[in-house]
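Q: Provided herewith is a single structure, encoded as structure tokens, for subsequent inquiry.
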Amino acid sequence: MVAINSNGFVTTTVEELLRWGRRNSLWPVTIGLACCAIEMMHTAASRFDLDRLGVIFRASPRQADVLIVAGTVVNKVAPMLKLIWDQMPDPKWCISMGGCASAGGPFPTYSTLQGVDRIIPVDVYIPGCPPTPQGLIYGILQLQRKIKEQGITKYDKLFADFNREIEKEGIFVPRELKV
């Protein structure tokens with residue numbers, strides 16, 4: 001809840017401030033495995049410009065909070081994909097881009113993973129073969145909406161404790177400084 005008081009100051013909660021920051025500065029790491037990766041690169045270029053949405057691609061999973069899997073995932077790549085997912089700090093989200101990443105695509109074989117959601121949790125599915133840049137942008141907007149609505153669930157207890165402390169004391173004072 002954001003409110004503006006009579007002096008023109010904006011007041012909000014720490015939780016809402018962090019939600020706003022998280023959803024407006026998504027840093028994805030990409031797993032580009034097929035033709036979907038070409039469309040993803042096209043989306044990041046000047047015509048569609050993902051930077052205007054706060055999306056800045058990262059080279060390291062340790063600096064990213066979104067994993068975009070674009071293309072066919074074969075069984076030999078699956079352990080590496082899981083490792084990349086595990087290296088990402090929490091909170092983290094996953095976008096499955098295209099029919100191949102979402103359900104195996106036209107490759108129902110023993111060597112193809114029939115959906116990324118079999119090894120990591122997926123937050124947004126983007127259909128298409130390959131999806132258009134507009135589809136990827138729509139998927140990112142859906143992820144931003146999801147972050148706004150759900151918040152950062154892992155830290156909900158921390159926010160609840162913090163907000164209770166503020167309400168109890170009237171102002172936040174670190175526990176070790178209380179007299």
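Cβ coordinates come from backbone N, Cα and C, glycine included.
Annotation comment: Swiss-Prot describes Cys35, Cys36, Cys100, Cys129 as [4Fe-4S] cluster binding site.
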Q: Which residue, out of the binding-site residues Cys36, Cys100, Cys129, shows the minimum number of other Cβ atoms inside 10 Å of its Cβ in this structure?
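A: Among the binding-site residues Cys36, Cys100, Cys129, the sparsest Cβ neighbourhood within 10 Å belongs to Cys129.
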Q: According to DSSP, which kind of secondary structure is Cys129 ([4Fe-4S] cluster binding site) found in, if we only use helix, strand and coil?
A: coil
Q: What does DSSP say about Cys35 ([4Fe-4S] cluster binding site): helix, strand or coil?
A: helix
Q: Excluding Cys35, Cys36, Cys100, Cys129 themselves, which residues in that chain have a Cβ inside 8 Å of the centre of the Cβ atoms defining the [4Fe-4S] cluster site?
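A: Apart from the listed residues, the neighbours are Ala34, Glu39, Ala70, Gly71, Thr72, Met97, Gly98, Gly99, Ala101, Gly105, Gly128, Pro130, Pro131.
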